[in-house]
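Working notes for the structure below.
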Amino acid sequence: MAILEIVKEPAEVLRKKAKPVTKINASIRKLLDDMTETMYAAPGVGLAAPQVGVSKRLIVVDPQDGSGQLYQLINPEIVKAEGWVKGTEGCLSIPGMVGDVWRYEKVQVVALDRTGKKVWIDAEGYLARIFQHEIDHLDGILYTDKCTNLRPVSEDGEEEEEAEVAEVMPEPEAEGAGEPSAEGAGQAAAEAGAEEGEQVTTGVSGERRGSAAAKEE
């Protein structure tokens, strides 16, 4: 495995819609492994192929919540979603900044694993947020397109340390404010009333920490 260079905004590849993977071979599996190594080295909890300069629909995710669960997903797609929650996010491709982003609270992701088997992943809280953030990367969308209160990391370095640790950084106790971003808010309003959810928290003690169950076809 190799540690790859993480490309930074305004790299063009970050704004392209990534191409689906049509053949799973040794090079795809190696890329997944290299992305995993790069994610851990960053360190982060998620990474999408465009972030290492490859415009393919691949993501790797490890919420690092003590479960030991690593997701290496090919052509991931969100097929179900419900609820809204606001959290603070950072991005390895946009260092030094954080912002508040409304996301679905629960999602179901369908994808292929590294062997080509179809998997369904039901995720909520932190894990659901990571999946949404990484899948956005595959469509050329950055969290800054959706966020409010975009800001530099704090001078004391606490936010900076967290932002470097996590591709997605939920804020422990954010105050409720505003509404979901215009993108997708209309649909969410019809489905869930677009009400602000309880804030996702970080750390082992977080009540809304992500959880998931995966099933294979």
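Glycine too: its Cβ is placed from the backbone N, Cα and C atoms.
Swiss-Prot annotations:
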type     : residues              : note
BINDING  : CYS91, HIS133, HIS137 : Fe cation binding site
ACT_SITE : GLU134                : active site
REGION   : 153-217               : region 'Disordered'
COMPBIAS : 155-176               : compositional bias 'Acidic residues'
COMPBIAS : 177-192               : compositional bias 'Low complexity'
COMPBIAS : 206-217               : compositional bias 'Basic and acidic residues'
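Fewest other C-beta atoms within 10 angstroms, among the binding-site residues HIS133, HIS137, are seen around HIS137. GLU134 (active site) sits 10 Å from CYS91 (Fe cation binding site), taking the CA atoms of both as reference points.
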